[in-house]
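Participant: In case it's useful when we look at the structure, here is the feature table from Swiss-Prot:
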{"type": "COILED", "residues": "298-327", "note": "coiled coil"}
{"type": "COMPBIAS", "residues": "290-304", "note": "compositional bias 'Basic and acidic residues'"}
{"type": "MOD_RES", "residues": "THR84", "note": "phosphothreonine"}
{"type": "REGION", "residues": "225-353", "note": "region 'Disordered'"}
Amino acid sequence: MDLDDFRSVMDNAGVDVWTFIDTAILVASLDYGQELKRRRDNIVERLYATSMANKCRNCDFGGGGNVTEAAIGRVNNGRVHEETEEEDEEGVTAAAEEEVREKSVNVEDDDDFDPFAGLFDDEQKSIVEIKEKLEDPDLSEESLVELLQNLEDMDITFQALQETDIGRHVNRVRKHPSNNVRRLAKQLVKKWKETVDEWVKFNQPGDLEPPSLIADEDSPVQKALHNGSRQQVPDFGYSPVPQNGYSSSSKNSNITEPERKPRPVAPQPRRESPSPAKPSRPSPSQQTIPRDKEHKEVDFDTARKRLQQNYRQAENAKKQRTIQVMDIHDIPKPKKGGFFPRKGGSSQGGRHW
């Protein structure tokens, strides 16, 4: 487009050049996103190049910024003439290459309006590139370890995890034959799980339902979902249950509370009446056990007493039945005197033995 024609368009629209540029970038990002991604490097290079008025507006800067000719369109009697003009090639290319190499593009952040619509997020771009490389089945162990280490060095947010879907690809290499690969994969999954836990803590269950980032049935969060957790959350790593997992315990309590409220209405008094009676009242079999023990002890005592009495009686009987055998000479002699008592006080009438 000719410069004069462009100026006339802005005058007719009643907008300045900066509003026109912002609107053009926004429309390009919405309607021609892929084309804008392909052209954005050249656009940034042109922004930092010098002498823009002397450059061709339609030439391609894909060759690293080497510009040798510039065309200026002029209107003369309805015909467009192009004139070429040589520039200082070394100065232009050196400045452009230095700016591109150092990546010193400083764009002011605007929270209310994002004209680039997130297209210049270098972190997400790197994550997507790593994800594409992880899809290669012939990837060597060294390359895989390097990619996982690069992911570990990044501070990936929940939004980046959700948009790039890197969690699923890393979760697939948790069962890799290499110990280093398995260790790095588990560390990443654990780190990202903590990020998801923080996001869940600061967001109410009913506000948003983020899609699961890893569809692995071995993950604890996926098991928690099968066990009754209805809130859809990303699945990462091992969690004893936190999980069980993580804050799903609070969610499960919130979900099960309304189910427990109607239950105590009728069954509780029925269950309470027999429950305290069981430990207080021993069964008949339990009551007979101590009684049998007491009877046995009493029987033992009486039997012991009877035996002792029998032994005593036997000893006494033996003593009574003992016959003393004595020699005739050992028999004691009777005392002197009459057998019959004396009469009359005289000793002559009596007999002596």
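Here the Cβ of each residue, glycine as well, is placed from N, Cα and C on the backbone.
Describe the structural surroundings of these features, if you would.
Facilitator: Sequence-distant contacts of the coiled coil (298-327), counting only residues of its own chain at least 6 positions beyond either end whose CB sits under 8 Å from a CB of the stretch, are absent.
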Participant: Counting by DSSP, what is the helix, strand and coil composition of the compositional bias 'Basic and acidic residues' (290-304)?
Facilitator: 15 helix, 0 strand, 0 coil
